[in-house]
Each structure stands twice: as structure tokens, then as C-alpha cells.
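Novice: Got a structure here, written out as C-alpha cells. Questions coming.
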Amino acid sequence: MTTLYILITAMPFLVMFAMGLLLPLFAFLLYTRFSVGLVTIAMTFFVDAMAMGYGGFHLGINLFYADIGLLPIAGIALLRLLFAGDFPLRHRAWLVFSFLVLLGLALGLVKYGSTAGVQVRPYFYFVATGLYGMSFPMDRQRLRFAFNVLSVVAVLLLALTAYRWIVYYSPITSLLPPGGSYNVDGPIRVIKSHEALVLAEVLVFILLFTVTGWGARLAQAFSPVLLLMVIALQHRSVWLAAMVGILARFLVVRGRQASTTRQLIVLSAISVLTITPMLFSSQLSEVTQQVQSSAQRVLQGADTTGERLSNWKSMVQLWYQGGGRSIGIGMGFGGDSSRYIDSAGSIGVHKISYFAHNMYVQTLYNTGLLGLAALLMAIAFVIRGLYRLNQSGDGGVEVQILLVLMAMQIAFYVPYGTDYLQSLLFGVALAYVASSAKRSKETTTSFRCDKEAA
């Protein structure tokens, strides 16, 4: 009993001592090893998906699970920006965009208080993970590691989706979330659109490209299930992003004709094997009808399409009515963005206060013309750089995958807002473009020196 009492008494001190050693070690690894930060962000994303964006701790302030994983990333990203000698490129446009986000937060805190902190959270982590990703030199080996980690996240999301479908449709009421459904927009949508986007991204690049690594091979084994889930989850914005990615592969990305033909055959075969059971199985007929209904509503411009267009228009009007400062640097964060929109159906005109359902419109509202222009300049730098690398044949399949993923991101941001995992991939792409340009310049300089010496 005495020994047990001593252990129980000493345990808090041992934990504090261990944390005092582990936290600095963790920070050091985040600063020096990209793989540690990548895995941290990826696992934070999955934990956030399991928690459905809720849950966390109250330590004087409310901390969500994402805060625990991403606040250290934000701090390390800032340290690398200030001190890292191997930072490939401190891209001015991204830094201007980041500054305007922080300026909007500062102005919002002064004017609206803590509400500004709540509103800025998605943008803050979007900026932080992007900056972290672009702070490390990138080569093809690191890109392959990133693709494998993304594949593992997709398989984990696949398992989470299957679990939630089983719980809901069985049903196992004791395991259902409060309210009895995982999504108010439809019970089959058991994960959110930005999580389903990861499924679509991995599906596209494992079907259309030859990717090495155990993570990619694991995802390839589940490719028919991935396709089934991307379709059945009925996130129409994800369908759009997937189609844009496929078009980018066959219209923009350079590749051999034989490889393209083989990929089309594989894609068609997997599609047939996946969709046929949905058409002829009585158990899956309800899902098939729901998918058909969703597709018809998209083509007719019904459902949420008209509402989102009205939402964007109202948001732009609020931004413009804010005056010169709003037009230049935006409305900031924390203010009331309530507006009236016109919806299709019986709802009619009604009041909303949620975000714009469009990253570009929301960025214009929060950071003004300067912020949106800076963000678009950074995107243009990445797309142009990847396209040139692909056309020159220097980048290999990794550049082709990055180019397709960036095209999918750009399309997805039209109906949805920021996402920190996608921002990390964007930062990785920017770092690879900058690192490739630096390597090319060093090679050219070395060649000239050798030529002059000869």
C-alpha cells in the first residue's frame, strides 16, 4: 500500500516532468522534420473528422481538438519563416495574404472581441498549415511521402464512413450522435464535404497515375470502395472537383498515350464494377435513386445552387457597402454578416449568417481586394510553376499529381471555404516549385563555372 501511495502521489510530478521533456522535443522535431509536421496535421484532420468538428478541452478558453494539433504548427511555421535558412521561398503574395488575415483579426478583436477569434479560426489554420508546408525544401521523395500519408487518411476516412453507415442504417441508436443523424443535409452524408474531397483526391491519383509506396498500394486495394463512397456520399461539390481533376489529367498533364489508354480502361472497369451493384441490387436501389435525384437537381440548378448564388451576391454587396477600407482590406473578422437570400422552393427569402460557401467570395469579404489578389497570385505562381515543370518533363509523375490536386482544390473552393489539410498540400506544391527553380539555377550556375574553368 505504501508503494502504491507513493506512485499515485508521484504520478502528477512524473507526468509534468515527462511533458517538460517531450514538448520541447516535439517542437524541435516539428521544426526540423517535415514528416513529423505532415503526420501531425493529417492525424489532427482525422481526429477532427471523428469529432465532427466538436469536442475539446476548457483551459480558461475553449480549445477544440484541431487547436491542440495546429497551434504548435502555427508557432513553428512562424519560427521557420523568421529563422529557417532552408526556407525555399518566402512568397510575398502569401505573406501579404497572411498579414491581411492577421490584420483583420486584430481589428476584429478591438471592435468585436472574442467573436473575431472564433470567425478567424479556419483562415488562421489555413494560413498556418500553408506556411508550414512551404517552409521546407521539397523533392520527389517528400512528395511521395505526402501522397502516401494522404492515402492513409483516405483509408481511415473510408473506415469511418463505413462505421457510421452501419450505425445509422442498422440502426444502433446507442451509438448515434445527438439528434440521431450525422448530417442535417442528409443521413447518408456521414462525413463532411472537405473530408469526402480527400477520398476523391486519392481515388483520382491512384487510378490515373502510377504511385509507389505502401499507403498508395493500400488505397489502391480499396479503390472500388472509394469510388462507391465518393458517389454515395452525394457531395456534389466533390463530384465537380473529381471531374475537374480527371479533365486536368487528360487535357493538361503530359503523359504517354499508351498510359492514358490503360488508365481509361482501368477507370472504366472499376466504375462498372462499382456502379453495377448499385443499379441491380435491391438493397442499394434507394442509394441509386438518391444519387440520381442529386444529379438531376444539379443539372436543373435547383436545391442549394440558386441559394448559393444569391448568398455570394449578398456577401459581395455587404463587402462593397462597407466603404473604402472594406474594399481595400476587407471587413475583417467578428462582425455580423447576416443577409437575406432567395432560396428555391417554398422557403423563399430568408435570413442567414453562415459563411459565403465560396472561399474566393469569403476572402474578398474578410481581406478585401488586396487579400484576394494576393491569394490568387500565390495560386497562379503554383499552377504556372507546376505546368512548366510538367511540360519540360522534369517533374515526373509527382508534379502531375500535384497539378491535378491543385486543379481539384481550385474547383472545390468555388462552393466551399478554406481547409487546412488542402492548404498544407498547397504549401507543399509552392515549396516544390520554388525548390525546383532553385535547383535548376544552381545547376545552371555550376555548368557555367565548369565551362569557364575549362
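Note: Cβ is positioned from N, Cα and C throughout, glycine not excepted.
Annotation source TrEMBL lists domain 'O-antigen ligase-related' at 225-376. The transmembrane segment annotation in TrEMBL covers 6-31, 38-57, 63-82, 94-114, 143-160, 196-214, 226-252, 364-383, 420-437.
Walk me through where these features lie, including what they touch and how far apart they are.
Specialist: Through the fold, the transmembrane segment (63-82) approaches residues 26-27, 30-31, 37, 40-41, 43-44, 47-48, 51, 53-57, 90, 121, 124-125, 128-129, 131-132, 135-136, 420 of its own chain, all at least 6 residues removed from its boundaries and within a Cβ separation under 8 Å.
Nonlocal intrachain contacts for the transmembrane segment (196-214), taken as residues 6+ away from its ends with a CB within less than 8 angstroms of a stretch CB, comprise 45, 144-145, 147-148, 150-151, 153-154, 157-158, 161, 220, 223, 226-227, 229-230, 233, 235, 238-239, 241-242, 245-246, 249, 259, 263, 266-267, 270, 397, 400-401, 404-405, 408, 412, 419, 421-422.
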Novice: Where else in the chain does the transmembrane segment (420-437) make close Cβ contacts, counting only residues six or more beyond its ends and a cut-off under 8 Å?
Specialist: 38, 41-42, 45, 66, 70, 88-89, 91, 94, 122, 125-139, 142-143, 146, 150, 153, 194, 197-198, 378-379, 381-382, 385-386, 389, 394-395, 398-399, 402, 405-406, 409, 412
Novice: Which of 38-57, 94-114, 364-383 shares the most C-beta pairs under 8 angstroms with the transmembrane segment (143-160)?
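Specialist: Result: 38-57.
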Novice: Would the transmembrane segment (94-114) count as touching the transmembrane segment (364-383), if touching means at least three Cβ pairs under 8 Å and pairs must be 6 or more apart in sequence?
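Specialist: Contact between the transmembrane segment (94-114) and the transmembrane segment (364-383): present.
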